[in-house]
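Database features, via Swiss-Prot:
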BINDING   Gln19, His116, Asn159, Glu160, Asn297, Ser428, Trp429, Lys435, Tyr437  D-galactose 6-phosphate binding site
ACT_SITE  Glu160  active site, proton donor
ACT_SITE  Glu375  active site, nucleophile
Amino acid sequence: MIKRLPDDFIFGGATAAYQAEGATTIDGKGAVAWDRYLKDNYWYTAEPASDFYHQYPVDLALAEQFGINGIRISIAWSRIFPEGFGEVNAKGVAFYHSLFAECHKHHVEPFVTLHHFDTPEALHSRGDFLNRENIDHFVAYAAYCFKEFPEVTYWTTFNEIGPIGDGQYLVGKFPPGISYDLAKVFQSHHNMMLAHARALVHYKEQAYPGEIGIVHALPTKYPLDPKKPGDVLAAELDDIIHNKFILDATYLGQYSEKTMAGVKHILAENGGSLDLRPEDFELLQAAKDLNDFLGINYYMSDWLRAFDGETEIIHNGKGEKGGSKYQIKGVGQRVFDVDVPRTDWDWMIYPQGLYDQIMRIKADYPGYKKIYITENGLGYKDTCIDGRIDDDARIDYIKQHLAVIADAISTGANVKGYFIWSLMDVFSWSNGYDKRYGLFYVDFETQKRYPKKSAYWYQQLAATKTISM
């Protein structure tokens, strides 16, 4: 069976500043919370990462050679404003001008994100987005970038508001490492959506000629047994935490009655309250129809069952399959032993979940305009033997997910592009350097790049726009 993607479809690769650039302390870059947090809590740091700060001409030349016509890049906020606000770092500004020029030189369209998990330490230490002053600082930073970088046509404000709150305040694997505080999770989500809305309104008021949107991670949630009301409720509540709360803010400008009922139930079980103000919803209402596109990051789905017990989450960071546990008081318990393939990190491989999520957006949020799949890929323990990397599992993963994207398009969804995570191997926030995603293998000691088998497959796909199943 042959499936075809549109002629104007973007075949992209994704990166992120902190995961790729390295160079964390040079040319005036300010600190981020991750710098110390990784040293204190993990077995790796963000040095050298992929040394994208110096190697970007190599990576962009490879992108062009292999038919990749789009790249996701994030600007490191602390490279522009080392303290998060105030004095501008001219060397940081010059770096991004050079980077974007190199993108255009190689006919690779940059899709630029303003915040990818890396709030400057000077602001993070004051509460990050739990502190409403951070909204003001983010909007000022965004406004500066919109004006300074007219060579950028496609902007996204935030990458994955959901996992930021989840990582910082629920699982506790991101700085500041707070666990099981659901009120902080929701408040962080809400305040970041306010920052998005203000930046979005500013961009449109200035009548910039480009497009702007937001990237959400949207793992699809299913009841373990659809016939059991408790399992159905568990899936709905977990969906509210990770998906529906932020989607409502993005496209409804408010939280639906069902969403708020779920939030109130979760907080009644776990404690805490939210600061939601009337003027917040005036802002969300003003922004809800201004998003030019939605970026969907999709890697996995989850199956949930009813659970009556205390919260316990164990993050599988070392790729030891079966090491995960996820159960939240008053919400539910994720079940990993289902008839679905999973990675060594217990991520469930389920392409149908991406199709279902796209169609959910189309049905529930018809004002979405268009979608890009801004991250999707397979984390794998790749091995390089004499410069050859056979990653057939990754090819199969990408193929299956692109096939359901083609199905969604044929069903009427407006999906305009796909960005594999990641363009080249980068370091993983909570898994280090062993979990590789790239089309190009990076020898982190020499920084030499090697195209994987998947890179050659992706090159052919970009040329033909066809998927052979």
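Glycine is no exception: its Cβ is also placed from the backbone N, Cα and C atoms.
Known features from Swiss-Prot, placed on the structure.
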residue	record	DSSP (3 states)
Gln19	D-galactose 6-phosphate binding site	helix
Asn159	D-galactose 6-phosphate binding site	strand
Asn297	D-galactose 6-phosphate binding site	strand
Glu375	active site, nucleophile	strand
Trp429	D-galactose 6-phosphate binding site	coil
Tyr437	D-galactose 6-phosphate binding site	coil
Cα separation, Glu375 (active site, nucleophile) to Asn297 (D-galactose 6-phosphate binding site) (Å, whole number): 4
Cα distance (Å, whole number) from Asn159 (D-galactose 6-phosphate binding site) to Glu375 (active site, nucleophile): 10
For D-galactose 6-phosphate: widest Cα to Cα gap among Gln19, His116, Asn159, Glu160, Asn297, Ser428, Trp429, Lys435, Tyr437 in Å: 20
Protein Cβ atoms within 10 Å of Asn159 (D-galactose 6-phosphate binding site), excluding its own: 25
Cβ neighbour count (within 10 Å, all chains shown) around Tyr437 (D-galactose 6-phosphate binding site): 26
